[in-house]
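Chemist: Have a look at the structure that comes next, please.
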Amino acid sequence: MATLIVFFGLVALSVSLLALAYDQSPLQDFCVADPSRPVLINGLSCKDPKTVQANDFSSSGFHLSGNTSNPVGLAVKPVTVSELPGLNTLGISLVRFDYAPRGVNPPHTHPRASEILTVVEGSLEVGFVTSSPENRRITKVLQKGDVFVFPFGLVHYQKNVGAGNAVAIAALSSQNPGVVIISGALFGSTPEMSDDVLARSFQIDRNVIKHLQTKF
């Protein structure tokens, strides 16, 4: 009996921890974010519901193309709780991507969300890499109207493989999914990561590491 009690206790704890790993479900109709409040919580504190207006649930300009004149040829327009306070506690967000020809969304992860992406214009090569030790790359070329999902926490990317510009829209399963761009995290951290750690990890010369760090 004692063994069963311990077993079910561990199961209950595991389920509780899994639930805490994702955005919590709302306990009211809405909780429009009020970033002016200095309360530190897992999320953002709520406005007084009596002061909430339609604009708290609305955003505009999503149809406008972004500026892709940058080294990776990508423009990102997020609609997270920072841009749309009404998303607070709802566990969703949206992103528009504009890609120049050969533009890329560099390999990255979202620490708090999975992602589903649809191509609005152009052709994109998309892919993600499974966890170690397999490190299997799963990839496909998408055309206009195609949809692809990136599983929670896995490294993924997109590349414009068409002749012209491309546009995609992605939905993510968090009001604040976060993003960790692999290259920037490794070579552009503050303070810098030890070049010895990076040189040993990538099995390359330290001078190459120092050169890469200057790029970020």
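Glycine residues also receive a Cβ, built from the backbone N, Cα and C atoms like all the rest.
These came from TrEMBL, pasted as-is:
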type: BINDING; residues: N105, H110, E115; note: oxalate binding site
type: BINDING; residues: H108, H110, E115, H156; note: Mn(2+) binding site
type: DISULFID; residues: C31-C46; note: disulfide bond
type: DOMAIN; residues: 60-210; note: domain 'Cupin type-1'
type: SIGNAL; residues: 1-21; note: signal peptide
Chemist: Across all the protein chains here, work out how many other Cβ atoms are within 10 Å of the Cβ of C46 (disulfide bond).
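Modeler: A count of 20.
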Chemist: What count of other C-beta atoms do you get within 10 angstroms of the C-beta of C31 (disulfide bond), across all chains shown?
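Modeler: Its Cβ shell of radius 10 Å holds 21 other Cβ atoms.
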Chemist: Cα of N105 (oxalate binding site) to Cα of C46 (disulfide bond): how many Å, rounded?
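Modeler: Their Cα atoms are separated by 33 Å.
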Chemist: Pop the mean pLDDT for the domain 'Cupin type-1' (60-210) in here, whole number is fine.
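Modeler: Across the domain 'Cupin type-1' (60-210), the average pLDDT comes out at 96.
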Chemist: What are the non-local neighbours of E115 (oxalate binding site), defined as same-chain residues 6+ apart in sequence with CB under 8 A from its CB?
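Modeler: Looking at Cβ-Cβ distances below 8 Å from E115 (oxalate binding site), excluding near sequence neighbours, one finds V149, F150, H156, A170, A171, L172, S173, P177.
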Chemist: Taking 10 A as the limit, how many CB atoms besides its own sit near the CB of H156 (Mn(2+) binding site)?
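Modeler: 23, counting other Cβ atoms within 10 Å of H156 (Mn(2+) binding site).
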Chemist: Give the number of CB atoms, excluding that of N105 (oxalate binding site) itself, located within 10 Å of its CB.
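Modeler: Cβ-Cβ neighbours of N105 (oxalate binding site) within 10 Å number 24.
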Chemist: What whole-number Å value do you get for the CA-CA distance of C31 (disulfide bond) and H110 (oxalate binding site)?
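Modeler: If we compare the Cα positions of C31 (disulfide bond) and H110 (oxalate binding site), the gap is 23 Å.
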